[in-house]
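Participant: Shown below is the structure under consideration.
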Amino acid sequence: MLCTTISGPSFLEAKKQILRSLKECHCFEMRVDLLSVSCLELKKLMELAPISILAWKKPESCSQADWIDKMQSLAELNPNYLDLEKDFPEEDMIRIRQLHPQIKIIRSLHTSEHTDIIQLYAHMRSSAADYYKFAVSSSSTTDLLDICHQKRSLPENTTVVCLGGMGRPSRILSPILQNPFTYARSTGSSPVAPGQFSLKHHYFYNFASLSAQSPICALIGDTSRSIGHLTHNPFFSQLGVACPYIKLPLTPQELPKFFSTIRTQPFLGVSVTSPLKTAVLPFLDKQAPSVKASGSCNTLVIRQGEIEGHDTDGEGLFSVLMQHQIPLNNQRVAIIGAGGAAQSIATRLSRANCELLIFNRTKAHAEDLASRCQAKAFSLEELPLHRVSLIINCLPPSCTIPKAVAPCVVDINTIPKHSTFTQYARSQGSSIIYGHEMFTQQALLQFRLWFPTLSFKHLEKTFIRRAAVLASLFSIAP
């Protein structure tokens, strides 16, 4: 059940928050500790809410006697639910239950620490509560996934949410985790808890269609420069797929735990971005021919616990070049970089009868890639010395690239759309192909791997157009 947290602080602001949310949600958590309202005004707010939860977070300066009196007075307002913190005296909770048997009790714990929620639940379940809520901290994606895994072994009357920015995916996955309550803020209001989404955000991630049977798709790696969550979720919604696409920041050091965890979670597909495209290879159960050829993997397909790696980067860029009618036969093509994406692109173009030149900051890495693609290797500083018909930049925006021009320049970075490198090339008359074009083509290839039985040709133009618009919003060079 989607629940909007009402924080006011004034009566008028609280009323607006409720009225603004009524079409999207019917349950409202009144954070009485944040509201500056009278008892009569609180009653009026409750009358507006079809379902009400009253919660009052105990200040450190509050005595236990005053705390008990406060919660008893809130119970007398007859809410549908009353949230009592973990340390609220058990005997006083029982007294409230006896006096107000119609009220459902939520026993809650909020902590900024990473906690074993199974042990916590074992300790708290002796309490005569109807529901249990655990709001805990996660310091990493693997922590988050571990907590989600723990939640799946708890009864359906438990709500588990991870706080902060790292915990945001747990809020999106709430229906899949079978949380009885999913807490959100009214659209336009400030978050009450760290990482709290607005109602609008939850519906953007297809909240209404998600259930315990829904699969999960995600992006792993350095997710900071991706627009995938902004393009993929609307696409899945249009496709009628009850599946969220979430961003999971991940480092190479976290890969062993990540791969052991996703086998126990309902993951269907994973996009892999830098710096993990080669690091994931040892953890794959199967490698598609595209991965064996390039030595790079940007796509995971998970079926029945088996993880198969695919590579759609090279084919995605090749498709873009064909759409722009860029000649490759007997042409000299410069590839800047030697990482996963560069490997994929070089491998694909090595079959296009063109001469490949690999330029990289570390020349040894360029030489290694060149030896596998019948190419020539150079240091990055040598780029301006060579005349080529096409330059493909695969280095991140933070890298300084020597000024160079060619009839056509490709930058595979999606955001920012413009870089110092492409701006200079454009000023010298080069035709520029921006990263969002490769992004959409490689993503469409991923979708075909994840949803092989679905047809979505009719949605591709809208998907491509959306990516182009979003890339333009992040168009300023660093």
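Every residue gets a Cβ built from N, Cα and C, even glycine.
Here's the feature list from Swiss-Prot:
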REGION    1-208  region '3-dehydroquinate dehydratase'
BINDING   Ser21, Glu29, Met30, Arg31, Ala55, Trp56, Lys57, Arg171, Gln196  3-dehydroquinate binding site
ACT_SITE  His110  active site, proton donor/acceptor
ACT_SITE  Lys133  active site, schiff-base intermediate with substrate
REGION    209-478  region 'Shikimate 5-dehydrogenase'
BINDING   Ser226, Ile227, Gly228, Asn298, Asp313, Gln442  shikimate binding site
ACT_SITE  Lys277  active site, proton acceptor
Participant: Roughly how wide, in whole Å, is the group Ser226, Ile227, Gly228, Asn298, Asp313, Gln442 that binds shikimate, by largest Cα to Cα distance?
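Facilitator: About 16 Å separates the two most distant Cα atoms.
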Participant: If one looks at the chain holding Lys133 (active site, schiff-base intermediate with substrate), which residues at least 6 apart in sequence have a CB under 8 angstroms from its CB?
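Facilitator: In sequence order, the residues whose Cβ lies under 8 Å from that of Lys133 (active site, schiff-base intermediate with substrate) (at least 6 apart) are Asp83, Ile106, Arg107, Ser108, Leu109, Thr158, Thr159, Val160, Val161, Phe181.
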Participant: Say you check the Cα of Ile227 (shikimate binding site) against those of the recorded positions Ser21, Lys57, Gln196, Lys277; which is nearest?
Facilitator: Lys277
Participant: How many neighbouring Cβ atoms, not counting its own, are there within 10 Å of the Cβ of the residue listed as 'active site, proton donor/acceptor'?
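Facilitator: Taking all protein chains shown, the residue listed as 'active site, proton donor/acceptor' has 15 Cβ neighbours within 10 Å.
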Participant: Out of His110, Lys277, Asp313, Gln442, point to the one nearest Met30 (3-dehydroquinate binding site) in space (Cα versus Cα); all of them are recorded positions in the record.
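Facilitator: Its closest listed neighbour, by Cα, is His110.
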Participant: Within 10 Å of each Cβ, count the other Cβ atoms and name the one among the recorded positions Lys57, Lys277 with the highest count.
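Facilitator: Counting Cβ neighbours within 10 Å, the top one is Lys277.
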Participant: Given the 3-dehydroquinate binding site residues Ser21, Glu29, Met30, Arg31, Ala55, Trp56, Lys57, Arg171, Gln196 in the record, what is the largest Cα to Cα distance, rounded to whole Å?
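Facilitator: It comes out at 23 Å between the most distant Cα atoms.
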Participant: Could you round the CA separation between Gln442 (shikimate binding site) and Ala55 (3-dehydroquinate binding site) to a whole angstrom and send it over?
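Facilitator: Each residue's Cα considered, Gln442 (shikimate binding site) and Ala55 (3-dehydroquinate binding site) end up 47 Å apart.
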Participant: Roughly how many Å lie between the Cα atoms of Asn298 (shikimate binding site) and Lys277 (active site, proton acceptor), rounded to a whole value?
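Facilitator: Just about 6 Å between their Cα atoms.
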Participant: Take the Cβ of Met30 (3-dehydroquinate binding site) and count every other Cβ within 10 Å, whichever protein chain it belongs to.
Facilitator: 28
Participant: Would you mind ranking the binding-site residues Ala55, Ile227 by how many other Cβ atoms sit within 10 Å of each Cβ and giving me the lowest?
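Facilitator: Output over binding-site residues Ala55, Ile227: least Cβ neighbours within 10 Å is Ile227.
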Participant: Using C-alpha atoms, which one of the recorded positions His110, Ser226, Gly228, Lys277, Asp313 comes nearest to Gln196 (3-dehydroquinate binding site)?
Facilitator: His110
Participant: Cα-Cα separation of Lys57 (3-dehydroquinate binding site) and His110 (active site, proton donor/acceptor), in Å?
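Facilitator: Rounded to the nearest whole number, the Cα-Cα distance is 10 Å.
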